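S.K.: Quick one: this structure, given as structure tokens, is what I'll be asking you about.
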């Protein structure tokens, strides 16, 4: 019998030996040795119902069998005739067959592999063995089911997509962020080889061929410079930093960064040396950090020869780190990878001085190696006209304090001519992401996977940066949550609208507010020697050149936007990571194609997730069409806007189906591309069998009514101001600009009735009466929130009057603008008295603080600390290979006037940013897609009613708090020795009226 038992025990392999490890224990751990016998599990079941074991369970039944067998064991120790010793197989098995767990702990701590025990249990009969075997097999099934329930389930989707697709896109995203420059350099190397072998250069686009022609000599010159640095023959201060990247990557970064600046330089084809050097130096340092890390973590056999003498333990540690990084990369644990990169990179930051020195030297080498040759229309017997592509010159700029000179890099006119075709060949960093951004966890933890990402754009303001870093993370949770919500909104390209844009652009622009792709021809020089004619000609030439510069700048801007659109158009969707300015307003980190941009950007972007229109969605689409069509239609009641769209159904269908071949009704809109996108969406819905079930991807906008004044009216509980900016219900939206224009007209009519002999403004009033409308005063009313000055208002109104050409004499035009500006500001003060008093109070408090040489600080309702960055700038001179550069650095002295004038608008912007973020969080909790553009909130057509309810509730919640009282208290706590003015008097406006106002946002 015992031989049979032994045979049973040894004839089977132990199964499920890994079960214990899966649950956190190994059979060699200390916990394992202290486990209690199996019957403890059955005892547990009576006190721990979570285990799901009853007295009739398999565990209980087998426990009774085991107790029977244990009795045999005990008997064997007393009765040596049984032939079992304490060291026998059965004894050892008896000791191993255990389950651990604390009595009453509420959870199963460890499950031993019962298959292995079953194969070793002894019995007094074969029937016992068979019965136990059956029980064990049954129990193993229960064990597997229990383990499955205990193990954490892997998510089936991440970011709304399958795990496999997500991981694939994430790998692509990592490649985009870490290998962009390397891929560009590789492309140039391959093009050079192709050109040598197959003569492909003539087939390349113009700017691509220029880049290719500059690349090889620039790369070789950088390599030669690096060799001098290595040999110690170059004693330049930049030498230690010059060889940290391969020459080909430095060449590509230098070309692309400089050309990018030239493209965005206002159409002049020039870039300031200090700006260009800083941009190039920063890009080189960042890429060097990634390159250095990747080199460090290579396998030991790939390390360079100077590591042969490295001690073995260091080599092992490096190999360990490399393997760890590799595993983490496979698991997509990018946060841990970034942390390791930071820990392993023991290099100190280069510092601004060294950055600009490296940048200047690279620019200098590019200037020495990059040449351009005009097209082959020169005479055969003339030497070829080969000239430098870039030159370094000095520009003089006249300022109020005198003239200033600064160095610029100027490109040749032939290079400038090709700039607006360059975007498609540029490496554009901070592209929209293919996967949801990393959640924000700290000042520099979130958004992009590898690219440096900071939650706030501090622009070198140290105090603001430190203030954000010092705040407990818990305090910033609402801010993190709001930014994550904005970043997780998935977008895609509207390919139909993009196709129309491409057709218009390919045919020369000039439609739908797209700039003409051709320059205005310069006027011919007159033959006459008349000085007046020559002066007139020069004036015309100057105007044409200015116009062409503006066109060039707009062309570059459109090309950059379209370059991004073309790269992203085949993607199912993409995301815009967001961060904040110092006031707490949220912005997409990608700068070119985003929903904060122009009508072009907004027209070709849509939500990647579609939703059925539902009962209200089609109505909101019609309202949205009227809003983007504009021309006064957007000021009608909702019913009026719906009627406008329904009256233009034929135009809508024609625009959607034949946008360029038909009547082109959509081109008459103020926002033509958004109008076209809406026409297409409405046409699709109306053509479908059931419009309510038609899927819409279009974001519908709800915009505040002069939102800054809405916030001031709420702060001051101003009844009159609240009515002017739609905080109270009305039959149609109140138009604050028309309201101010009406007041201005009343004042001017009173003045016009006076005796001109006693008041010089009488004639000006009579002249301007017919010119007063909402357009004349709109910009001044809008900027009143930002503390517009009398001079600012005068210049704004002067521009409007000059456009109309009513007053030709410059002196009279200036005088009329002065009078109109004073009148407009008077009307504003009358209508928004509470806003004016709050602005004055905020400015007075700021002045008191700034006079003590302290910046103004406050904390937004969402817990974000704000420090105004306005300090006097000091000059710091750096000698570089190009020129002596003047770097500006903050001093300890604050700018009192700027601190005072900027505080009121900055404070209100921090409040509108808080309102937007509160709305974003609430929309996410309600399952809505949400995008925000400061005072414009977007969601699907079917969800507009719900979003409207949320944004009103959040506005009331925001201003139910004692905001001004809290601000004054924080000032008094920070500066107990200073005397602050009392809070301004406020009105009796009931905030809850906002909840019933249909046009608060509309």
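Quick reminder: no glycine exception, Cβ is built from N, Cα and C everywhere.
Take a look at what Swiss-Prot says about it:
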TRANSIT   1-21  transit peptide
ACT_SITE  703  active site
ACT_SITE  778  active site
ACT_SITE  935  active site
S.K.: Counting across all protein chains shown, how many other Cβ atoms sit within 10 Å of the Cβ of residue 703 (active site)?
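M.R.: Here the count is 16.
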S.K.: Tell me the Cβ contacts of residue 778 (active site) under 8 Å, same chain only and six or more apart in sequence, or just say none.
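M.R.: Non-local contacts for residue 778 (active site): 737.
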S.K.: According to DSSP, which of helix, strand or coil covers residue 703 (active site)?
M.R.: strand
S.K.: Count the Cβ atoms, other than its own, that fall within 10 Å of the Cβ of residue 935 (active site), considering every protein chain shown.
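M.R.: Its Cβ has 18 other Cβ atoms within 10 Å.
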S.K.: How long is the line from the C-alpha of residue 703 (active site) to the C-alpha of residue 935 (active site), rounded to the nearest angstrom?
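M.R.: Residue 703 (active site) and residue 935 (active site) have their Cα atoms 6 Å apart.
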